[in-house]
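Comments concern the structure below.
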Amino acid sequence: MAAQGEPQVQFKVVLVGDGGTGKTTFMKRHLTGEFEKEYVATLGVEVHTLVFHTNRGPIKFNVWDTAGQEKFGGLRDGYYIQAQCAIIMFDVTSRVTYKNVPSWHKDLVRVCENIPIVLCGNKVDVKDMKVKAKPILFHRKKNLQYYDISARSNYNFEKPFFWLARKLIGDPNLEFVAMPALAPPEVVMDPALAAQYEHDLEVAQTTALPDEEDDL
């Protein structure tokens, strides 16, 4: 029996992607309001508890922050077991992290079939983007949701959890009644840049998918 005020609804979400894409920063931004400027390879797994208040009551996400380093690959099945949803993250300033997205997706769906998955391109506050909206096709081919995000500016930070909450609860009218407490942005996301990215994504969504069998 949950204590009074404790969320009755909770979900396990696994956060995966290459090392250095900002997964741990993503979580710590929510929970402690700290942005990690120094990259420290995550050892093992940390479970972060994140509560969102919605018009359907509080929802708790138990976020498993998995190691992005391949040397920990043997442990990943254990991370994935009983996951109810997932976030795959890549770094828009690093093409290789996007090229590795299909591998993360394959590992994930091998253990967890038919769970809602969000693909996130992090670090969009950096103007020198290497991965643009038009070539980001993987989510369309695999029917995943996609968001540009930025830890440093808080841009779109709650969007992945908002989309997952609606999917998991099965209510398209679910709304957050309070935003999570985040630290003040370290940088300001240029509104014109954000508008351009959103426009580019909209255009990309209406572009026909290429015929080739390339995963990306």
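Numbering starts at 1 and runs along the chain as displayed.
Placement of Cβ uses the backbone N, Cα and C atoms for every residue, glycine included.
So that you can see what the record holds, here are the features copied from Swiss-Prot:
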type	residues	note
MOD_RES	ALA2	N-acetylalanine
DOMAIN	7-171	domain 'Small GTPase Ran-type'
BINDING	17-24, 65-69, 122-125	GTP binding site
MOD_RES	THR24	phosphothreonine
REGION	37-45	region 'Switch-I'
MOD_RES	LYS60	N6-acetyllysine
MOD_RES	LYS71	N6-acetyllysine
CROSSLNK	LYS71	SUMO2 cross-link
MOD_RES	LYS99	N6-acetyllysine
MOD_RES	LYS134	N6-acetyllysine
MOD_RES	LYS159	N6-succinyllysine
MOD_RES	LYS159	N6-acetyllysine
Between LYS60 (N6-acetyllysine) and THR24 (phosphothreonine), the C-alpha gap once rounded to whole angstrom: 18
Residue among binding-site residues GLY17, GLY20 with least C-beta crowding, 10 angstrom cut-off: GLY20
Taken over the region 'Switch-I' (37-45), the model's mean pLDDT: 52
Distance [Cα-Cα, Å, rounded] between LYS23 (GTP binding site) and LYS99 (N6-acetyllysine): 17
The one of LYS23, LYS99 whose CB sees the fewest other CB atoms within 10 Å, among these recorded positions: LYS99
THR24 (phosphothreonine) versus VAL124 (GTP binding site) - Cα distance in angstrom: 17
Closest of GLY17, GLY20, THR66 to LYS99 (N6-acetyllysine), Cα positions, binding-site residues only: GLY17
LYS60 (N6-acetyllysine) CB neighbourhood, other CB atoms within 10 A: 16
DSSP three-state assignment (helix, strand or coil) for GLY20 (GTP binding site): coil
Other CB atoms, at most 10 A from the CB of the residue listed as 'phosphothreonine': 23
